[in-house]
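> Here's a structure for you.
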Amino acid sequence: MGRRWGFLIGLLGAVCLLRSGHGGQQPPETAAQRCFCQVSGYLDDCTCDVETIDKFNNYRLFPRLQKLLESDYFRYYKVNLKRPCPFWNDISQCGRRDCAVRPCQSDEVPDGIKSASYKYSEEANNLIEECEQAERLGAVDESLSEETQKAVLQWTKHDDSSDNFCEADDIQSPDAEYVDLLLNPERYTGYKGPDAWKIWNVIYEENCFKPQTIKRPLNPLASSQGKSEENTFYSWLEGLCVEKRAFYRLISGLHASINVHLSARYLLQDTWLEKIWGHNITEFQQRFDGILTEGEGPRRLKNLYFLYLIELRALSKVVPFFERPDFQLFTGNKVQDEENKMLLLEILHEIKSFPLHFDENSFFAGDKKEANKLKEEFRLHFRNISRIMDCVGCFKCRLWGKLQTQGLGTALKILFSEKLIANMPESGPSYEFHLTRQEIVSLFNAFGRISTSVKELENFRNLLQNIH
Ligand code: FAD
C-alpha cells in the first residue's frame, strides 16, 4: 500500500511538472511550484478556477474589505471567552503571552454599539425594544400591535435557533466582553502540540459525517497507523455526496486559513526591546509543500479556495438584506455610518458581479425531504463545532476560532435562507429573515480572514520564487 501511495505521489509530481511546462530533462520544480502547482486551474466540485479568484480577490476586493473592517462597526466584537468547555475538564490554558486577549475598557467602545448590540436600524431598535418588553412580561402582550406580536413570535422562533448554525454565544452574560479585533490580530501564538491536535481531531472525527470505522489521516500522534488509512479516508470521501464532502472541505479550508495566517504573521524575533512579526517561509512549506506533506498541502490550499467561494456566494445572496433603506451600520456617528454603508454596498455589488460564483444549486438539489434532513445534519454538526471552540486552550485562538465559525455558520444560514431573502419586503420589518449585529460582524470578519489568506498565498508564492 505504501508503495502504491509513493507511486501516486510520484505521478502527482510528474503531472505537476507537465502542468508547469517542465517535462523530461527539465529542471526540478521550484519551491513555489511544490506548494502551488496543483493549486491552479479548476477547483473540484465547482466551475471556478484559482487564477480568477486570485485576481478578483487581491486587486478588487481585498483593499476595500480591509478598509471596511477597520471601521468601528466591524472592529468591535462581543464575545464570551469564559464559557466552560462542555466536553472535557482538563483544559490547560497555554499561558503564553501571545495567547492573551485584551478586552476593551467600557469607554473604548462607541456608545452606539454598546447600546445596540443586536440593533442595526432605528425601526428595528424600536421593534426589538417592544419585543424585549414583551419577553420580560413572559408572554406576548396583547397591547402590542399585531405586527409586533408577529415579530415577537418570529424572532423567538428564530432565536430558538432552528435556523442558526452556531451555538449562540451568550453575549448578554456578564462574562461577555467587547474585543477590539484590530488590537488582537490573528497570528502566531505558539499554541500547538497535543492540546491543539485534540481540538482539530475532535472537529474532524466527531463532526465530519464520518463512519466510526474510517480514520482520517490524523496527525503526528497517529503516524504509526500508516498510509492505508489515508487511502481509505480519501476513497471514502470521494464516495460521499457532494454536500457531505463540502462539509469536510469547509473545515479543512478553515484549518488551512488559520495555518496560513500563523505562517504569515510569525514571531520572527522576540527580544525585550521589540517583537518582529512576518512571513516564515519554512513554516509555510512544512504545512503546504506538496512533497513535504506527501500531497496533502496543496489539497488543503484548494479547500481554502473552496471555503472562499462558499462565503463569497453567501455574501452575494444576502445583498437585498443590506440594501434595505432602514438598514444601518449603527455606531451613533451618522456621517461615518452612512459612508460605511455605502462602502459595504459597493463591496457587495462587486461580489455580486463575480463571474464564476459557486453554483450551490447542486447542493440539496434532491427531494425536499432529503434536503431538509441534510440541512438539519449540517446544522447540528456545525453547532457542535462552535461549542468545541470553548475548549481551545489559547484565548487568542479561541477568539478567532469562535468568530470564524460564527461567520461561516452565518454564511450557511444565508445560503439555506435564499428564498426567504429573495421574498423580503424592500422596506419595513422583515419577519422571516434577519441578522444580528454579531452575525454581521462575524460574517464579514470571517470572510476578511479568508480573503487575507488568499492574498497571503500570493505573497508566499513571490517569496518562494526567490528561493529556488
Ligand atoms: P495542526 O495544524 O495542528 O494539524 C493537525 C493535523 O491535521 C496535521 O498533522 C495534519 O495531519 C492535519 N491537517 C493539518 N492541516 C489540515 C487541513 N487544512 N485540512 C485537513 N487536515 C489538516 N495557532 C496559532 O499560532 N495562531 C492561531 O491563531 C491559532 N488558532 C487556532 C484555532 C483553533 C480553533 C485551533 C484548534 C488551533 C489554532 N492554532 C493557532 C494552532 C494551529 O492551528 C496548529 O494546531 C498548530 O500550529 C500545530 O500545528 P501542526 O503542524 O502540529 O498541525
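Backbone N, Cα and C atoms are what each Cβ position is placed from, and that goes for glycine too.
According to TrEMBL, the signal peptide annotation covers 1-23. As annotated by TrEMBL, disulfide bond applies to Cys94-Cys99, Cys394-Cys397. Residues annotated as FAD binding site in TrEMBL: Arg187, Thr189, Trp200, Ser252, His255, Arg287. Residues or ranges marked as active site, nucleophile by TrEMBL: Cys394. The feature active site is assigned by TrEMBL to Cys397.
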> What subset of the binding-site residues Arg187, Thr189, Trp200, Ser252, His255 lies within 10 angstroms of Cys397 (disulfide bond), using C-alpha positions?
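Qualifying among Arg187, Thr189, Trp200, Ser252, His255: Arg187, Thr189.
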> Checking the contact step here: among the binding-site residues Thr189, Trp200, Ser252, His255, Arg287, which have a Cα within 10 Å of the Cα of Cys99 (disulfide bond)?
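For Cys99 (disulfide bond), the binding-site residues whose Cα atoms are within 10 Å come to Thr189.
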> Which number gives the other C-beta atoms within 10 angstroms of the C-beta of Arg187 (FAD binding site), all protein chains shown included?
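I get 16 for this one.
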> Taking each of the disulfide-bonded residues Cys99, Cys394, Cys397 in turn and counting other Cβ atoms within 10 Å of its Cβ, which one has the fewest?
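Lowest Cβ count within 10 Å among the disulfide-bonded residues (Cys99, Cys394, Cys397) is Cys99.
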> Please state how far apart, in Å and to a whole number, the two most distant Cα atoms are among Arg187, Thr189, Trp200, Ser252, His255, Arg287, the recorded FAD-binding residues.
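Between the outermost Cα atoms of Arg187, Thr189, Trp200, Ser252, His255, Arg287, the distance is 20 Å.
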> At the Cα level, what's the spacing in Å between Cys394 (disulfide bond) and Ser252 (FAD binding site), rounded?
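One finds 20 Å between the Cα atoms of these residues.
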> Take the Cβ of Arg287 (FAD binding site) and count every other Cβ within 10 Å, whichever protein chain it belongs to.
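Summing over all protein chains shown, Arg287 (FAD binding site) has 20 other Cβ atoms within 10 Å.
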> Fewest other CB within 10 angstroms, which one of the binding-site residues Thr189, Ser252?
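Thr189, out of the binding-site residues Thr189, Ser252, has the fewest neighbouring Cβ atoms within 10 Å.
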> So how many other Cβ atoms are close to His255 (FAD binding site), meaning within 10 Å of its Cβ?
18
> Counting across all protein chains present, how many other Cβ atoms fall within 10 Å of the Cβ of Trp200 (FAD binding site)?
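If we count other Cβ atoms within 10 Å of Trp200 (FAD binding site), we arrive at 17.
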> Quick one: what's DSSP say for Ser252 (FAD binding site), helix, strand or coil?
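In three-state terms, Ser252 (FAD binding site) counts as helix.
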> Based on DSSP, name the secondary structure state of Cys99 (disulfide bond): helix, strand or coil.
helix
